[in-house]
Amino acid sequence: MTTIRLHNTKTRTKEVFAPIDPDNVRMYVCGPTVYDRAHLGNARPVVVFDVLYRLLREVYGADHVTYVRNFTDVDDKINARAKDSGREIGEITAETTQWFLDDMGALGALEPDHMPRATAYIPQMIAMIETLIEGGHAYEAEGHVLFSVDSWREGYGKLSGRSVDDMIAGARVEVAPYKRDPMDFVLWKPSSDDLPGWESPWGRGRPGWHIECSAMAYELLGESFDIHGGGNDLMFPHHENEIAQSCCAHPEGDFARVWMHNEMLQVEGKKMSKSLGNFFTVHDLLEQGVPGEVIRFVFLSTHYRKPMDWTEAKAREAEAVLRKWRALTAGIEPAASAAPAVIAALADDLNAAGAIAELHRLASEGDAAVLLASARMLGLLTTELGAWAETGSLDLSTYEARLAAAREAAIASKDFAEVDRLKAGYVAAGLEVRMSKAGVELVPGPGFDADKLEAV
Ligand SMILES: [Zn+2]
């Protein structure tokens, strides 16, 4: 069996992965808070852990892996969005959840086995909070329940490598009168009548964010499971708090054994931010005609533990490569298995960039069947993601001839309306229009859309 090595944030080393139960390898990844479109950075962990999911399924068997990714559908950001827009919370979360699934599907991400919504697990969260209170790890104050960080000083901060004292000194933590200690964090908080709330032993209220992952992971994966993933922006405080809650509520378990964190995403070398004007969603890119497969390819070209720089140049290059590989593998049956070197690269702490280098080698050797099987290990060159590249059956020369004829007529009549209309239609369909004395040439650019062209 392939030996998988994964970098464990907890030990800061690359370790041989040995699942608790090879018949049921279990992975949890923190999912989105559903109040808006996923931005490009949100998509990175989805693609990274999708590749890990595919690798685990390859090595342990598709029926022997359980992947859970949650939806946070109770959150103050959602409440604020509902208030600002005058829309129902349920309407916003349902719509945004579907947007997320559609956008991630467009990137070729397989759906996890379980996608629990936080609001469906409120009783489990209340039960866990009660256990924490009984164990002396949490306390009630003014309708709130808080986790007492001091009650688990020996364990808190290990994942992110901070001591509680350093955190208190360095952190800008919210100081609330009901907190015994500034580091304590909310497990439950009271809800006024206009906010979502559930009956609890502490009055009507709603859960804090961190407790949902602990409660849902316990419910769906048990007190010990194999892998917990997420972006490294979640390491502190979210993951640290998940560990504290789960290990104190279920000291018989280890919670997650391997912690994996992907690095952040930048755009053209800069941090993506609304103020810099380089903030965009996955949906924005898809709408601009950047194929989901291209986004996926660009993501996978950088190791997940390195900052990923999204650039237009990379997207153009990825598109050209994928177009070439799709042409090379058109009508070919994939080989029975991926190239061993591709699997080996992925098994080495998800070295997808190394796997892509192998794909280039296979392509240059013309080994189309193995290239296809290997690319599919990374979720590339799949049938589902291929629609964008289907230009082969379409003969652009007909459209070139039509524009050339219109231009000839326009020169005679001095009426260029039809020429302008055709050009605008071709450009809108994603074609670059090159007109010279020699004639007309149409070149498919990023986001070429054959349907749109046919409608011109
Ligand atoms: Zn989480």
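Positions of Cβ are set from backbone N, Cα and C atoms, glycine also.
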Write down the single range among 6-10, 86-90, 271-275 that appears in TrEMBL as motif ''KMSKS' region'.
271-275
TrEMBL annotation of motif ''HIGH' region' - which of the ranges 32-42, 153-163, 219-229, 230-240 it falls on:
32-42
Which sequence positions outside the motif ''HIGH' region' (32-42), separated from its termini by at least 6 residues, show Cβ-Cβ distances below 8 Å to it?
71-73, 75, 77-78, 81, 92-93, 96-97, 99-100, 103-104, 209, 231, 264-265, 267, 272, 279-285, 295, 310
Give the sequence-ordered list of residues that share a chain with Cys213 (Zn(2+) binding site), lie 6 or more positions from it, and have CB atoms under 8 Å from its CB.
Tyr28, Cys30, Asn70, His238, Glu242
Mind checking which residues reach the motif ''KMSKS' region' (271-275)? Cβ under 8 Å, same chain, six or more beyond either end.
39-41, 264-265
Per DSSP, what is the residue count of the motif ''HIGH' region' (32-42) in each of helix, strand and coil?
3 helix, 2 strand, 6 coil
Which of the listed binding-site residues (His238, Lys274) has the least company, meaning the fewest other Cβ atoms within 10 Å of its Cβ?
Lys274
